[in-house]
Structure formats: structure tokens, C-alpha cells
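Lifted from TrEMBL, the feature list:
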COMPBIAS  1-13  compositional bias 'Basic and acidic residues'
DOMAIN    57-138  domain 'TFIIE beta'
REGION    1-45  region 'Disordered'
């Protein structure tokens, strides 16, 4: 071995021996018994575990129930608009809506109450369910038949929203029947109304009459001013048209009955005085009438 390395090693040992060091002794844990009068702390009760199988049917799940019902109604409407009109059982509906994991109480509520009383669901005698639309129409012919009946009976038009809900493949049918239908947009709510386009009522209007019609402006006139103008012109054919004001029932006038002087029941001791008073008033009134007649 190199003697230089040996000398450095010996010098390092001497320096280490000369340097003072302090040893840290490990503290010994003193065990002590707790006093007898100290009460043991009670363990904190853990939160109740929620069972994943019945958490949907717990108290306060009405929102979940109506969510299930809304999903069923929406699915039944969609399949009706796509042309599927065959009825389904409750299990088939739950299978198609991916809701087979609902609880037994929710299923019983759907079958006994919710689906039976829903205005958009029709219940068949064999226990199946259908979507209940506003109108019973299946194709373009039934739609035109409905519009013709409304036109003949004076019922007006039909809402486009109701037709879209009731008629399967509505957009395609309306496109094919566009020439037979008149679309009017209602000004108050901007909803579209469908009317039957009766071509037999089409006629040519003279241009002179059109000019006269367009020259008359009644935008700034109310019904009262229009009625006044028509009366001045001697036109009374419009009296039976327009909204009629309700007539208030006349009050019956009560017949004027002569007041009869009622004798007091308790003052029987004054009966003679009252009789003489009545006789005197009658004789005085008769005398006054005779004097007026003589004059």
C-alpha cells in the first residue's frame, strides 16, 4: 500500500479522536395508566350506507318518478311520429327507453296511476299503451279530410303543432300537399295555422273595385266611428256583425205599497189614544181635499 495513504489515514484517526462528540440517548416512553374517573370517548357513528339497488325509490324521489314518466311520453310521441302505431306493454316501453333498473314501487306507480291518467297516453283493454294524439290522422288523405270538415263546419284552421304531433312523417306529407293547404301565421304568438285551400271560392276581382278597396283606410278608426259612418250613409247591414255587448238585466221596480201603521204590541194601555189620533188625521185629510176641490 502507498505509504502516503497510510499517513493520511493515521492523521484522520487522530483528528477524529481529538474532536469531542455527544451521544443522544433515545427517550424511553414512560407508560402510565389513565385515571379511572375519565370516561372513554364514544366512537363517532358512521353515516348510513346507501344501497345502490334502492336509492332511486327512497323518500323524496318524486322528481325521479316524473323524470321516468316524461321520458316514456317523449319516446311514445317520437315512435308515433315515425309511424310505429302498434301498442306496447310497460316492460317493452321500459326496455326501449333503457329504464329496466327502476324500482318496483315506481313500476307499480306507472302501471296503476301515471300512465292511465296521462292525457298523452292511451290505455288499451289488453293492458298495452299507445300515444294519444290530438287528431286521428295517418296520411295526407286523412289530413285533407280533417281540413275540409273544419272548413265546411266553420271551425277555422288547425294548428301546425297539433298536426306535427298527430301525423306521421308530417314534413313529407305537407310538402306533397302544399298546393291544397293555406298557411297563415297568427300575429299574437307567431304560430302557423293550416286552412283548406278551397279553389271553388277563387274569383277574379275587378281592378276598379280593388282600387276603391285599397283607398279606404280604417286603421285609425275604431268600431264606434265605423258604425257612426255607416249609419250616416244609411247602411245598417253591419249591425248584426262583430262582438256583441252583453246586455245587463233590468232591475224590476218594486211596487209602491201603502205603508200601514202598525200598532204597538206592548202599549195596550194607549190603544184608545191611537184610535182617536187616526180618526182625527183622517177627518183632517178629508177636509183638506174638499177645500182643494172647491177652490
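Placed from the backbone N, Cα and C atoms, the Cβ positions cover glycine too.
For the domain 'TFIIE beta' (57-138), the model's pLDDT averages out at 87. Helix, strand and coil content of the domain 'TFIIE beta' (57-138), in residues and according to DSSP, is 42 helix, 7 strand, 33 coil.
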